[in-house]
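Here the structure comes first, spelled out in structure tokens, and everything after it is commentary.
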Amino acid sequence: MTEQKKTTIGITGMTCAACANRIEKNLNKLDDVEANVNVTTEKATISYNPESTSADDLTKTIEKTGYGVLNETAELDVIGMTCAACSNRIEKVLNRTDGVDQATVNLTTENATISYNPSATSVDALIKKIQKIGYDAQPKKEVAEKSSQKELELRSKLVKLIISAVLAAPLLLTMLVHLFGIQIPSIFMNPWFQFILATPVQFIIGWQFYVGAYKNLRNGSANMDVLVALGTSAAYFYSLYEMVKWLFNANVMPHLYFETSAVLITLILFGKYLETRAKTQTTNALSELLNLQAKEARVLRDNKEQMIPLNDVVEGDYLIIKPGEKIPVDGKIIKGKTSIDESMLTGESMPVEKVQDDNVIGSTMNKNGSITVKATKVGKDTALASIIKVVEEAQGSKAPIQRLADVISGYFVPIVVGIAVLTFIIWIAFVQQGQFEPALVAAIAVLVIACPCALGLATPTSIMVGTGKAAENGILFKGGEHIERTHQIDTVVLDKTGTITNGKPVVTDFDGDEEALQLLASAEKGSEHPLADAIVNYAQTMNIKLLDTTDFEAVPGRGIKANISGKNLIVGNRQFMNDENVDIKDSEDIMTQFEKSGKTAMLIAINQEYRGMVAVADTVKDSTATAIKQLHDLNIKVVMLTGDNERTAQAIANEVGIDTIIAQVLPEEKAAKIKSLQTQDKTIAMVGDGVNDAPALVQADIGIAIGTGTEVAIEAADVTILGGDLLLIPKAIKASKATIRNIRQNLFWAFGYNVAGIPIAALGLLAPWIAGAAMALSSVSVVTNALRLKRMKL
């Protein structure tokens, strides 16, 4: 009898003991299963017989009951992939593995991202699965470490290329004889000389192609290595056969193809070297983000200052940062004041004043004051680390546009081998009957011109460069699907407060004398209302001395009453003044004017006498009007969503040029309003910054979070714009359009190259070495085209 297996599964969605009991009951109905579900720990402890019940059965039972299984994500560096057929093969094997929810393998980044159930499989088991099909894998390395590894790989490829080129160059001269009849020294035509030069290229330099081909064929698949190994081996061994015949009849000089095999391998190595070199440039955005980090920190330990590596800083450490130094980690100022350049995060060039208890962000620059900071977030929890993580995930993700290329790549190599065999048969049977050499040359040309690499690189390289360029501009796409969908947007919905406006009310107008302002600010200083803060701040900038208040009373929906230094103050709306019998007829015109401008106007009366008026408004961001104009230039409709009344909303809409307003919307109604717009066949982007925007961000086709907003909004969004600059919204759409256009160009070239190249080779119109050169350069051209995105202007 099989021994019972024990596992623990994390469960999401449980709210009470009844949930746990329901899951437990359904699990225990399975054969040979004993389950215990704990609602507090949100875990199920299960003993089961793997012969009668699989780990997947357990997961499906929990999900059918209406709850979720908590998966973990593994990120692996995959070693040994050469083309799209490799990445597709690994992806298929991983997705068929028990316990794996979803796996994606990216040829460009050479990464695998796997969502899996830890109760059913493990990272070690996943690595073994990859190794079993002929590749290698390891837990993902840090960007800096991987970058240095890539440099070593590039150097190794260059050495191989140089050796191969030195050996193949003399053989290339023999082509001049075949093509143009040019006379060269007889040594170059000697079969032994050609054999000695071609053999190390074929079996030492080119051994990697044999290893790759063997591993793939052993596992029932085929990749680029199979095509190269078949094509070059056919040329090499046919030449060897002709050479052996020559040994027995030295009077007849054989027609050898040693130069074909050696030059083909050299050209393919050259293409792979250029491709690797270009691919390293696609990760520059990540390297540049990493370079923003401080390398070390000045920490206060045992009452002594000491410099330590950044990685040694722990939460709770006290850091001393001097003028001109980078803030090492996220933290809170506990001593000192300064101004900080946060442009790397917000794009705002003006330094921000910081005082005690203010938060600071790691990697920003301290400008002019010494400060002591308590570390609150270190390592992978810092703001910059989060940004790097988002960019990495986006660069490693797949866009839906890639699906067709993935499907074709899976069948590509077997089809090409079939076409090569068919070409050989047609040539030897019909085109040049009984002539072996022309048939072989045409078949070799078909094998070596076909390039699955270009298909595999077409989308991910563009995604990598596009998301990297966007990140440099403060735009974070969370994945390839989001960068693809963003270019389809035709309507942008903007939340008003904190998105269109600064989110902080200020006094815009004051009509009254100094005493009225003094009493007004004195009464408001104890209030927590945002409008009160605006009034107090205004009075302080005017150097008004605040007085003590007695008998303060807030009247809901009306205003406030207070007694200050024996004077009775009344502040509020028209109705309040009428209730208190204050004559306000002189204020009507100016108050109406303020309200039409979207401002909140408050009347001031002292001892029953009207003394003035204050207008407070949440001011519009400087960039809002320009951003909306740019969206209109892109033929995108702009809608404002706000809880304000119609008149206030319309005033702001008129100021910034917004097409449509949806006013008096409660926070919980925002998602429903987005859904209503979607029923009109609109592709909606919702832009917001607050907790109450999160449901609407999720409902929208694309949710865009303002980076200065709450973590909840940022988590719910598909795109994050760092800082509060709305100009980044049209830039995000432009980046998406440029990236998708670039992907389409790459796919057109990759498909077009193979569709045109294979028939031309089959017709015998291409020499194998020319076909090989075309194949080598096709993938390089795709990567080079993607690199053009680095120069796109947003």
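Glycine is treated like the rest: Cβ placed from N, Cα and C.
Per Swiss-Prot, the features are as follows:
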type	residues	note
DOMAIN	5-70	domain 'HMA 1'
BINDING	C16, C19	Cu(+) 1 binding site
DOMAIN	72-138	domain 'HMA 2'
BINDING	C83, C86	Cu(+) 2 binding site
TRANSMEM	162-182	transmembrane segment
TRANSMEM	187-207	transmembrane segment
TRANSMEM	224-244	transmembrane segment
TRANSMEM	250-270	transmembrane segment
TRANSMEM	411-431	transmembrane segment
TRANSMEM	438-458	transmembrane segment
ACT_SITE	D495	active site, 4-aspartylphosphate intermediate
BINDING	D689, D693	Mg(2+) binding site
TRANSMEM	747-766	transmembrane segment
TRANSMEM	770-789	transmembrane segment
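On the structure: features taken from Swiss-Prot.
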residue: C16; record: Cu(+) 1 binding site; DSSP (3 states): coil
residue: C83; record: Cu(+) 2 binding site; DSSP (3 states): coil
residue: D495; record: active site, 4-aspartylphosphate intermediate; DSSP (3 states): strand
residue: D689; record: Mg(2+) binding site; DSSP (3 states): coil
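Here the transmembrane segment (411-431) has Cβ contacts under 8 Å with residues 84-85, 222-224, 226-227, 230, 438-440, 442-444, 446-447, 450, 452, 455, 754, 758, 761-762, 764 of the same chain, all six or more residues outside its ends. Distant neighbours of the transmembrane segment (747-766): 401, 404-405, 408, 412, 416, 419, 423, 427, 431, 438, 441-442, 445-446, 449-451, 454-455, 457-459, 774-775, 778, 781-782, 785; these residues of the same chain sit at least 6 beyond its ends, with a Cβ under 8 Å from one of its Cβ atoms. Ranked by Cα separation from C16 (Cu(+) 1 binding site), the recorded positions C83, C86, D495, D689, D693 are led by D693. Rounded to a whole number, the C-alpha distance linking C83 (Cu(+) 2 binding site) with D495 (active site, 4-aspartylphosphate intermediate) is 45 angstrom.
For the pair C86 (Cu(+) 2 binding site) and D693 (Mg(2+) binding site), the Cα-Cα distance reads 42 Å. Taking all protein chains in view, 29 other C-beta atoms sit within 10 angstroms of the C-beta of C86 (Cu(+) 2 binding site).
Note: the CA-CA distance between C19 (Cu(+) 1 binding site) and D693 (Mg(2+) binding site) rounds to 29 Å. There are 18 other Cβ atoms within 10 Å of the Cβ belonging to C19 (Cu(+) 1 binding site).
In terms of DSSP secondary structure, the domain 'HMA 2' (72-138) contains 22 helix, 24 strand, 21 coil.
Look at the domain 'HMA 1' (5-70): DSSP puts its residues at 22 helix, 22 strand, 22 coil.
Among 187-207, 224-244, 438-458, 770-789, 224-244 has the largest number of CB pairs under 8 A with the transmembrane segment (250-270). Counting Cβ pairs under 8 Å to the transmembrane segment (438-458), the stretch among 187-207, 224-244, 770-789 with the most such contacts is 770-789.
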